[in-house]
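J.: Taken from Swiss-Prot, the feature transit peptide applies to 1-38, supported by sequence analysis. Swiss-Prot lists 50-115 with the feature region 'Disordered'. Under the heading compositional bias 'Polar residues', Swiss-Prot lists 52-63. The annotation compositional bias 'Basic and acidic residues' is assigned in Swiss-Prot to 98-109. Residues annotated as motif 'Q motif' in Swiss-Prot: 142-175. Annotated domain 'Helicase ATP-binding' per Swiss-Prot: 195-407, in sequence order. Sequence annotations record features per position, and here Swiss-Prot assigns ATP binding site to A208, E209, T210, G211, S212, G213, K214, T215. Residues or ranges marked as motif 'DEAD box' in Swiss-Prot: 354-357. According to Swiss-Prot, the domain 'Helicase C-terminal' annotation covers 458-633, on the basis of sequence analysis.
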Amino acid sequence: MNRLGRLSLPLRPQVCLLCQTQATMSSPLAGWQAVRSMATVRQRRQAARMVLSSNVDKSSLKQGRSKRDRAGPWSGMNQTEARLRDAPRSRSRAALKRSGDSEDDKQKPDSPLYKALKMQTALAPIPYGRRTAIKNKIAEVSSFDQFPLLPVVRHSISSQALSRTGDIVPTPIQRLAIPQLLKDPIPKRTSKDVSDHEPNFEQYLLAAETGSGKTLAYLIPLIDSLKRMEVEDKEFEKWEAEQKAKEREEKLKNRAFDIEPEEAPLSDAGRPRVIILVPTSELVAQVGAKVKALSHTVKYRSGMISSNLTPRRIKSILFNPSGIDILVATPHLLASIAKTDPYVLSRVSHLVLDEADSLMDRSFLPTTTEIIEKSASSLHKLILCSATIPRSLDNLLRKRYPDIRRLTTPNLHAIPRRVQLGVVDIQRDPYRGNRSLACADVIWSIGKAGDTEPTHPFLAQAGPKVKKILVFVNEREEADEVAQFLRSKGIDAQSFSRDSSSRKQEELLEEFTESPIPPTAEEIMLAKNKRRQDNSIPFVFPEQQNKPGAERGLPNTKVLVTTDIASRGIDTIAVKTVILYHVPHNTIDFIHRLGRLGRMGKRGRAVVLVGKKDRKDVVKEVREGMFRGQALI
């Protein structure tokens, strides 16, 4: 108001409203740039098949909500915010926490332990309280005699399966799995009790570390169940034959002049009782050999088929007139046979998916699912086993088989402490970035060094021990190149990949998978006489002289350069050293490649070559986790 008591008119602003609006508005380009920069800074989530699950041992059954958690009729009375329909809602605290934008999370310092592995989200922990409980449970079992096995099956364990090992003691996964798999299957439910989509058979997941005896853990109960079913089948066949004889007599009395063709009995040819599926033909040969070895004492008919065999050979094995009890095969080959002959899967009572993380992956999942669905009518038990459980497999099992029984060992997703990991920096002198030269130098130093482990006295008398080394590369093309370079440096190296011929693959695997058999007394005497003759002759023959142009070689050392084809399931019990030519892509590959060592309680040594572009922090944390004996989390 002015001096006269009147209202004064508002003054015009010095700046127009349009200019004020433009000055206060934020630039859209700046916001777009901020969003774009944040999207590039934030790391992408890895694929589910490359990330291990954190809840392997937890059941999929949902617990019912308590009465306190349920919303009552007056639950909406005490609201502190107005929840209008058309008004945009702000993001909840849970959504902010999932996105990583929460203010509370910014204040929390990152844990220094396993920081790089958490950035990769390669592994997640299983509660160590659960691991301790499993250790206490399996400590009560110390012998195979505590299992309710048939006497002939128990005798075959010591005479065939574990004849080359000193102590015949069950491993942790065998202590967990054998009692559970020996239980009688659940009774068949009627259509009223179960829906069409719910499986009508028992499901088991065997999750244990590499080299822990998972094959024997499911093979022993299967053979025991097979022999028990044979007794039941003989009794049923005897009763069925008596019933058919009575019916035939009644028909002859009532219709003496009628001629009716009799139905031919259904043969057991091409109708196995137990099917073991593995992803590769190399695993078919390995698992099939174990099944065949046990059949020498426990009488049953077994066979193995893979793409390495001819169609005529496959037909003679599968459709043998005497029948077949246990079949080891790959999924694609078995599915193609089942399309032409559906009766192949009509009598399957036990189905095993060995290396389930590969068989339930995208490449095998449609074929594996088809086999499970076709054999579901007669199936009693479905068994999945693997050393690594990716998040994708865990989610799939919780969705399809929520009632699956999870049998996990305390050392799941861990590398044994008896395996030592060394690191070689190839950027330093004398390598200067030459990875192949560093690999050759490591092999020469290992080959020239003496053997630290005590050898069998008879093997020491027979001759020098041959050291066997595995070299893992990431690319298939580099296997031949690295093997050729090592041969140029005087190292006996061979390449093993999918491009190799089947006969060459079998010969190479036999050298690196079979442990040496103790020699007989005659072989020891021959070796002693030969060594005595060589030392007594004072002459040097022309063929024994070193030629001037001859290259020196590394004696008593064999090297196999391979890809991940030999990292899964291959029982390389004769290998004591593994060299990682490249740093693995994820922790799953670390576990499988280093899992070729330390099998069945033996020691091993691994060397990883680290270059300029490799993740040294990941290698460091893997090494620290191996030293502590913890899971790679």
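Just so you know, glycine gets a Cβ as well, placed from its N, Cα and C.
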J.: Give, as a single whole number between 0 and 100, the mean pLDDT over the motif 'DEAD box' (354-357).
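T.: When the pLDDT values over the motif 'DEAD box' (354-357) are averaged, the result is 90.
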J.: Taking DSSP as the reference, which of helix, strand or coil describes K214 (ATP binding site)?
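T.: Going by the DSSP assignment, K214 (ATP binding site) falls within a helical segment, counted as helix.
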J.: Could you count the residues of the motif 'Q motif' (142-175) that DSSP puts in helix, in strand and in coil?
T.: 18 helix, 0 strand, 16 coil
J.: Which chain-mates of S212 (ATP binding site) that are at least 6 residues away have a CB under 8 A from its CB, listed by sequence?
T.: T171, P172, I173, A387, T409, N411
J.: So how many of the residues in the motif 'DEAD box' (354-357) end up helix, strand or coil by DSSP?
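T.: So the counts come to 2 helix, 1 strand, 1 coil.
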J.: Would you count the other C-beta atoms found within 10 angstroms of the C-beta of E209 (ATP binding site) for me?
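T.: E209 (ATP binding site) is surrounded by 24 other Cβ atoms within 10 Å.
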J.: Measure from the Cβ of G213 (ATP binding site) and count the other Cβ atoms within 10 Å, all protein chains considered.
T.: 21
J.: What are the other residues, in sequence order, whose C-beta lies within 8 angstroms of the center of the C-beta atoms of A208, E209, T210, G211, S212, G213, K214, T215 at the ATP site?
T.: T171, I173, A217, A387, R599
